[in-house]
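Colleague: Got a structure here, written out as structure tokens. Questions coming.
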Amino acid sequence: MALVNNPIQAFANVALLFAVQILIPAFLIITTPKYSWLRYFGIPCIAFPAYLIFQLAPTLSNSIFHNSFLACEGILVVAHCVNLLLILQDGGLTWSDLRRSGVAGEKSETPPDATFLRKLISAVRLVVSLRGVDTPWEAKNTPPHPSSLGPGGGSRASFLIRQGAILAWQYLFLDVLLEVTKQEPPENTDKFYRPGMEYEYLNLTAEERFIRAFMPFVSWFVVSRLLLDSTWRALSILFVASGLGSPQSWRPLFGSMWDAYTLRNFWGKFWHQILRWPFTSNVNFLTRRVVKLPVPSLLDRYTNNFLVFLLSGILHAVSANIMGLSAVESGSIPYFSSFALGMMLEDGVQAFYNRLHADKERKTGIWKKVVGFIWVVFWMSLTSPWYMFPSRRKVAGEAAWVLPFNLTEVIGMPMMWGLLGTFGMLVKWAFGTSL
């Protein structure tokens, strides 16, 4: 497939490649037995479209974030399909496994001789569900639907109205952030993010220390979360409105930020769990079935943690390549890998504290959460510059995303803040949203 500079044609090509990535594993799941040589042959057939998607990604738009997101999704699908075709249920999933697990619906509704199309649709839904929602393999801590929608996500209409209203508010917020980014003085890049600054710790001014503490909080809790969540909501609207998906299968992407008072909770409860099932399944296969580490053991636990974060770092290094940074320049591999060490430290402190207070109630008090949030921000202030400063220098004061229409430029920042606040309170009142 020839690479193109026309965004519309590039989008069409990427959509076709994603369709190939989804249909090949779905077809193999329902037609081949476990350990079939066709499954092994299918993996490179799924990986090649991922390579082409990566090549096409820079031509899709002027938004570095969304181009990188699509490039990484293609690669992530490969890891997901290795699990579905070769690892899960000892040799990969088959149609019989889908029926027994209830993924294909109730057994009475899905006889063994169900039509080929019905089987294919069931398999496709599993392939596109990177978190395994509503399956026996659902990623741990996948957030439930909000109480305002009910456990099943509510009716199609109520789901679409809620998602559309929240997405509109997120769009306004991203519009404001885009304008704020444009107004940042260009000299700040050299002042705060100059080369080598990410590894400087001792000779920092008070202003530089504040930037280090403030930037990770804004980047992870606000900007990155908004960009990912708005993209997820837009996709949910597209799939549910078209009938390709149901509200039940499009659960919230993020948990509550109030749970992020430990590093383990930040990544395991608050942050999205899209990488969790594809990566942990492959890592567990390596450590437990190939290397045969003792289970359960601290060696197994922390080796798995490290390897999962290492894979995440590699994936984000690939993402950084879209903006012209090499894997080494991006700093993503040491950054994400460092969280394995951070979790070891906090697990040790928590174990020591619990041993001293073994006779007391283990409920997490407010003061413990405050201390925990301070710890999370502290660790991120130490390590986030490794990953964020190189990309900040690369975009040089520009935003990593673009919007089709900038309302802030039309009505001005003061009125935009008022609109954002008013609409936000309306959305909060009408749909019971939370942080």
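All residue numbers here begin at 1 and follow the chain in the order shown.
Just so you know, glycine gets a Cβ as well, placed from its N, Cα and C.
Annotation comment: Swiss-Prot describes 10-30, 40-60, 68-88, 306-326, 333-353, 370-390, 407-427 as transmembrane segment, evidence class sequence analysis. Here Swiss-Prot flags ASN203, ASN406 as N-linked glycosylation site.
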Colleague: Take the transmembrane segment (306-326) and find every residue of the same chain, 6 or more past its ends, with a Cβ under 8 Å from one of its Cβ atoms.
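Modeller: For the transmembrane segment (306-326), the sequence-distant neighbours (Cβ-Cβ under 8 Å, at least 6 residues beyond its ends) are 54, 57-58, 64, 67-69, 71-72, 75-76, 79, 275-276, 279-280, 282-283, 286-287, 332-340, 387, 390-391, 394-395, 400.
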Colleague: For the glycosylation sites listed here (ASN203, ASN406), tell me which residue's CB has the most neighbouring CB atoms inside 10 Å.
Modeller: ASN406
Colleague: Please report how many Å separate the Cα atom of ASN203 (N-linked glycosylation site) from that of ASN406 (N-linked glycosylation site), as a whole number.
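Modeller: ASN406 (N-linked glycosylation site) has its Cα 40 Å from the Cα of ASN203 (N-linked glycosylation site).
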Colleague: Looking only at residues six or more beyond either end of the transmembrane segment (370-390), which have a C-beta under 8 A from one in the stretch?
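Modeller: Tertiary neighbours of the transmembrane segment (370-390) are 193, 197-199, 201, 212-213, 215-217, 219-220, 260-263, 265-266, 316, 320, 325, 329-332, 334-336, 338-339, 342, 346.
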